[in-house]
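In TrEMBL this protein carries:
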- A:12-33: transmembrane segment (TRANSMEM)
- A:39-58: transmembrane segment (TRANSMEM)
- A:70-89: transmembrane segment (TRANSMEM)
- A:111, A:220, A:221, A:435, A:436: K(+) binding site (BINDING)
- A:136-161: transmembrane segment (TRANSMEM)
- A:182-200: transmembrane segment (TRANSMEM)
- A:241-260: transmembrane segment (TRANSMEM)
- A:272-293: transmembrane segment (TRANSMEM)
- A:335-354: transmembrane segment (TRANSMEM)
- A:393-417: transmembrane segment (TRANSMEM)
- A:455-478: transmembrane segment (TRANSMEM)
Ligand SMILES: [K+]
Ligand SMILES: [K+]
């Protein structure tokens with residue numbers, strides 16, 4: 001009981017901090033006079049009051065958080081914050097059901113960027129800014145999660161992924177050193193965001209669009225202020241800028257930080273995910289562009305390459321902007337892009353999926369098995385760069401990947417039972433669990449998630465949530481072992 | 001070079017033995033006077049001559065086969081035998097392309113039972129018997145493969161699966177003890193076949209149908225003498241008999257043998273796959289029957305249960321008979337049945353897929369990972385029954401499963417690129433790599449594989465071949481390490 005109350009205290013604090021983030025839309029409603037001022041102030045106070053009340057009633061229950069508490073805290077925080085994030089949506093869009101509002105808020109905070117709203121172009125600037133800020137805050141949350149919490153929890157071999165974090169998992173405290181790391185990464189995150197805002201303005205966006213899209217690009221959220229997403233602008237410059245920043249956001253933020261601190265490119269050379277990340281994306285862009293050109297989707301190779309590059313980088317990094325209706329492309333192209341979305345984003349990025357590090361371990365382990373068949377007496381440890389990966393970690397990684405893909409299978413089957421067609425169900429499950437955004441078919445870039453039934457919407461909400469906290473973090477709460485002393 | 005010539009010698013011997021199997025259709029053409037006698041005699045002599053010639057020219061190259069040679073021999077044998085098995089098909093059906101004939105032969109020998117032929121009901125008895133005999137011989141071949149060859153090769157943790165075979169893989173000889181085991185299993189196989197023939201005759205089939213369907217039931221091949229497969233008979237008795245024998249054939253033949261030798265049921269109790277196998281199938285039957293009844297596919301639960309049981313057992317064991325056009329059922333039901341086909345068949349059965357043993361290891365390993373997250377210091381080895389599974393084997397099993405499912409993904413993508421719709425492509429890839437037979441959509445039970453292009457047909461042929469030899473056995477030949485001294 002004490003444990004729950006001390007977690008409630010932390011959540012109360014988080015809510016109070018969260019209420020501060022209303023300052024952005026409040027400022028926007030002042031600047032644009034869009035009539036949402038009182039609404040945002042009211043929601044801000046409500047959130048502050050709820051957080052304050054929770055904190056006041058539980059403030060005596062101070063306790064160092066243990067690793068085990070982390071699982072519950074992460075689950076609570078994401079579910080609870082999303083509930084409060086619905087407030088402005090519900091108060092402005094009175095017809096919006098709670099199901100849809102919660103989907104939209106969860107989509108924002110998990111940086112999925114799937115939307116149930118149509119008529120984005122006509123929303124008040126402050127409401128659009130709020131949606132995009134959720135993407136941005138979600139990205140920040142993920143960085144904390146990835147840097148500070150998951151490695152300590154040891155989810156899916158995570159302890160391997162960050163040199164900054166403690167080694168093998170033990171009942172370790174969330175140390176100040178980790179807080180320091182998170183702060184440094186946030187600085188990089190904020191710096192990238194500002195650079196992106198300026199670049200987008202220079203590429204031709206107005207300030208509101210530039211800020212909103214920078215928020216959703218650097219967080220790899222993929223929300224847009226336009227129903228047609230980036231297709232609205234039809235601008236190679238804007239697509240170029242966004243592609244550049246999506247690629248940066250799909251890399252490890254720790255690498256960016258180390259590069260900035262050392263003022264050299266060396267950290268990029270040492271990042272074992274970086275070369276495979278760029279090669280995989282580049283090869284896919286050229287291959288798919290060639291394919292679309294051969295299939296006469298585009299009249300020449302260069303047009304095909306332009307559209308392929310933007311949309312493929314968008315899906316592979318799990319950002320989820322649509323530059324064009326890729327649902328109209330021959331099916332292989334978007335399927336390949338969805339597949340890339342499962343495996344491509346780097347560790348320590350704001351992207352989703354299983355992460356490239358785990359993909360590399362999986363591939364290397366398979367190669368090793370093949371070698372063992374012909375040379376059974378060979379003793380070859382699995383190496384990434386110069387690092388030897390112990391078999392405990394490999395097992396954790398493979399177990400993680402299995403649970404991840406089984407989750408997709410179950411989600412697809414449930415969506416099909418509920419009446420969705422195969423392509424829509426498959427793409428919705430993949431797009432949601434990878435926090436990617438748009439799928440194909442009924443949930444494709446030309447449509448959105450508004451057409452789903454309530455049951456389907458909740459399934460997709462669950463998928464986004466599970467994907468973001470790396471599945472295991474939630475599943476563990478359903479094991480008896482977790483609740484044993 | 002010496003190595004190839006000594007393998008050629010073995011293949012020559014195999015061909016000569018294979019030519020003996022023409023005795024069955026020759027006998028049938030004598031009994032039924034269907035005019036195929038000269039044709040089968042000619043093909044028999046051709047096969048015998050080819051095998052004899054090969055053996056004569058290479059007979060000096062005698063050498064003990066090493067484990068490493070096994071990979072090449074298995075690949076050669078299956079590809080080569082399928083080529084010779086096309087002879088009667090090509091000589092009777094003159095319009096049949098080599099692509100289609102090879103597909104049909106490979107489908108027979110891999111016990112897939114997918115067909116490109118329409119008008120099965122009107123084929124001469126001897127030709128139909130030949131097709132079904134391929135199913136039956138394929139089943140025998142698999143038993144040797146599984147008992148004698150794969151464990152020695154160590155493919156995907158196979159060394160674990162058979163108590164009879166040597167422990168950790170080394171450059172061991174194919175010992176006489178293994179030959180002895182294979183003979184014992186063949187006795188069980190032959191005994192089951194005879195029991196099945198008699199039961200089918202009693203259930204109302206004529207002798208030809210009873211023999212043909214016993215061949216394809218015990219081998220889990222799934223060929224039928226009727227275009228409508230088992231739906232042709234519309235008989236609960238026949239469905240009941242076949243369900244019973246498909247279940248027996250989906251279990252480990254070694255367990256059957258031990259039970260017969262000891263004249264007790266104890267070996268069944270000790271078989272760790274058996275209980276999960278029966279529970280998974282039973283639960284799925286009840287669940288799907290309930291679902292079909294709720295969806296008004298059938299007017300009452302018991303009709304739904306009858307059709308579900310036969311078709312589900314048929315797909316879950318990878319036999320592939322169709323009792324009705326399950327392609328018309330709500331999509332979830334056949335998708336679940338396809339999924340079962342990937343994971344349900346037991347080790348040492350004639351079924352396909354990853355085998356239930358590997359499924360169990362995968363599930364237990366995932367549970368263990370979850371436990372490790374909350375109790376990081378716990379030392380829990382993975383146990384199946386009382387057997388502790390070493391982590392090397394777990395890694396081999398997980399690597400195997402990964403490569404298996406990646407093969408499915410690649411096949412699906414290639415089939416989609418080649419113009420097949422998603423449901424047909426997905427189900428064709430799964431049905432072929434699991435040696436199951438019918439899929440859904442264009443390759444569903446009411447249609448067959450005749451509608452595919454040549455490219456698609458070859459892809460499916462490849463899938464059946466890869467699935468049967470457990471993927472790795474073929475992939476290994478493409479690694480430089482295999483060809484190094
Ligand atoms: K996204
Ligand atoms: K079959």
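Glycine residues also receive a Cβ, built from the backbone N, Cα and C atoms like all the rest.
Everything TrEMBL records as a feature, shown here on the structure.
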residue	record	Cβ within 10 Å
A:111	K(+) binding site	34
A:220	K(+) binding site	31
A:221	K(+) binding site	35
A:435	K(+) binding site	31
A:436	K(+) binding site	34
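Apart from the site residues A:111, A:220, A:221, A:435, A:436, the chain places the Cβ of A:110, A:112, A:113, A:135, A:138, A:139, A:219, A:222, A:318, A:319, A:320, A:350, A:351, A:352, A:437 no farther than 8 Å from the centroid of the site's Cβ atoms, the recorded K(+) location.
Only pairs six or more apart in sequence are counted, and the transmembrane segment (A:335-354) with the transmembrane segment (A:241-260) gives three or more Cβ pairs under 8 Å, enough to call it a contact. Residue A:111 (K(+) binding site) carries neither a helix nor a strand DSSP state and counts as coil.
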